[in-house]
Amino acid sequence: MHCAAKHDSPVIIQILCSRLCSGVNELNNTGETPLHVACRLGRVEAVKALLDGGAKCAVIGSSGFPIHSAMKYSEKRCVEEILKADPDQLQAEDSLYGGTPLHWAKTAEMCCMLLDHGCSVNYLSKTGESPLHVLTKKDRFEAAMVLLTHGANSNLKGPDGNTALHLAMKMDNMEMIKALIVFGADVEIHNDLGETPGLIAARTSKGPNRKILLDMLCSVGVQRCLPPSPSSPPPISNHTKPPVFLLSCRMDRLLCLDGGGIKGLVLIQMLIALEKEAGRPIRELFDWVAGTSTGGILALAIIHGKSMEYLQCLYFRMKEQVFKGPRPYESAPLEDFLKREFGENTKMTDVQYPRVMVTSVLADRHPGELHIFRNYDPPLIQRDPTYSTTATFMPLTIPQEQLVWRAARSSGAAPTYFRPMGRFLDGGLLANNPTLDAIFVKHFLLDHSFIYDIKKLGIVVSLGTGKPPQVAVNSVDVFRPSNPLELAKSFVGVKELGKMLVDCCTDSDGCAVDRARAWCEMIDTIYHRLSPQLSQEVMLDEVSDAVLVDMLWETQMYLYEKRELIQSLVKVLLNN
């Protein structure tokens, strides 16, 4: 039977099993049943035949159950067959370490499969290790990222009280260190020996990476990278604390979230920092939330009570499903994702506080027109139309009938990335930074404050998705070429000019910020803009975990630099 399993002979296995062969669950000299052998070698047909012939998944061998053998060699199809036959094997403990199959996972694909089946991501083995501890020690970044994006607790203590961050410091693995800190690992937590992760880095890091690592840790506020002496004074901050301007009376607070595709992760990272400083969820800190594209999706998620940590994991998980294949991407995965998160039948007015504004562009007319999805009734008194019209357009859906998922999809219909949502295109075409539009709507509604219970705008917090570095452009000259060399130059010019036009249309940092700041100063409103400078341009559809972690690391550095500003900002929000 073992030989038949080794040589992937399902017919022979079926014949032997039909004759009630006792060897189907028998251990050989190396402590393996035929099912262990088939799983170790990836003999899928043999696994099926053995299971059909009465092989038991719960026979323990020298190193564990058959599922552990399949996990050790990353035999995905064998694991799937075992789980189909015996779902309880999902949490089966091996005989060596008491680890579940997830502790034996080596690749991101295997981790995803087990977690999709419901495997516990924070299960501790008999040695006190979580799967994240194991993957950190084994230096498996992609697999560890899967655990982190499925809710793995980076602060769980293992043997000797070490967290995954302690282990990453010992490994001198900067990529893993960044990921753990970005996902909330405590940089000041002590192990059983009283060591912080920073102290371990200072003691164990060797070679050229040492200075880079210690500088990197200091840039996000890790203070104890050297053992403190009893007589050493506390560190002195070189930052001058910004003045705190408290609001004199009850005023409205406005949060504005830029568009930027997957760079919405930057918004989430900054919102996590605000929540942590305030000790309260974002929806309790603001009365109005405005957003464009990915910012619009986040705005709707905020008012519906989604936690920032949940959204951070969700963005990492959904990117592989949404940005799949060539552009423009299929709309179905994005729409399914939005339906799951907001519900297929949830209306905009089902949640009425905070007030929300989500921008989109009406593309069934020329010139196009900005449209704002909202969870309150628009003013009864309408403004004069911007343009005279030669056509009749279908009336817009009222907020009481507008589906939330459709509003989110309409705001995120970026041209060339996704197809339009009916007559709607991405709001970033006209309002990638929605601050001015939100202030205008708020100002317009103030004239009808007796209807809408509107207060004067007291503070505006505008969050961006990161500023790319400014680079040189060779040519934007577009002309009729007369020879092959000029043809090449003209092609380069067309490409660069096209990119510049898109950048100008969707610019959310330069003039848009200056205008918003000036307007707020004129109406005596506090204005804060937060948007980190990035070292490289990150595309809207970036899927590389390493690139995104670097982006969030730079965001974390920026947040540390702006820590006094964030503290004063939160005081104003809480005071109101």
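Each residue, glycine too, has its Cβ placed from N, Cα and C.
Keep in mind that TrEMBL annotations are predicted by a computer and have not been checked by a curator.
When Cβ atoms from all protein chains are considered, those within 10 Å of S293 (active site, nucleophile) total 34, not counting its own. The annotation active site, nucleophile is assigned in TrEMBL to S293.
Taken from TrEMBL, the feature active site, proton acceptor applies to D426. DSSP assigns D426 (active site, proton acceptor) to a strand segment in the three-state reduction. For D426 (active site, proton acceptor), the count of additional Cβ atoms within 10 Å of its Cβ stands at 30 [all protein chains shown].
Model confidence over the domain 'PNPLA' (255-439) stands at 89, taken as the mean pLDDT rounded to a whole number. Positions annotated as domain 'PNPLA' by TrEMBL: 255-439.
The repeat 'ANK' annotation in TrEMBL covers 30-62 (among others).
The annotation repeat 'ANK' is assigned in TrEMBL to 127-159 (among others). Listed as Cβ neighbours of the repeat 'ANK' (127-159) (distance under 8 Å, sequence separation of 6 or more from its ends, same chain) are residues 97-100, 102-103, 105-108, 110-112, 115, 121, 165, 167-168, 171, 173, 175-176, 179-180, 183-186, 189, 191, 312-313, 316-317, 545-546, 549.
Sequence-remote contacts of a segment are chain residues at least 6 beyond its ends whose Cβ falls under 8 Å from one of its Cβ atoms, and for the repeat 'ANK' (160-192) they are 130, 132-133, 136-137, 139, 141, 144-145, 148, 154, 198, 200-201, 204-206, 209, 212-213, 216-217, 220-224, 269, 272, 309, 312, 545-546, 549-550, 552-553, 556. Residues annotated as repeat 'ANK' in TrEMBL: 160-192 (among others).
According to TrEMBL, the feature motif 'GXGXXG' maps to 259-264. According to DSSP, the secondary structure content of the motif 'GXGXXG' (259-264) in residues is 4 helix, 0 strand, 2 coil.
What TrEMBL records for 291-295 is motif 'GXSXG'.
Helix first, then strand, then coil: DSSP counts for the repeat 'ANK' (127-159) stand at 16 helix, 0 strand, 17 coil.
In this structure, the CA atom of S293 (active site, nucleophile) is 6 Å away from the CA atom of D426 (active site, proton acceptor). DSSP assigns S293 (active site, nucleophile) to coil, not to a helix or a strand. Helix, strand and coil content of the repeat 'ANK' (160-192), in residues and according to DSSP, is 19 helix, 0 strand, 14 coil.
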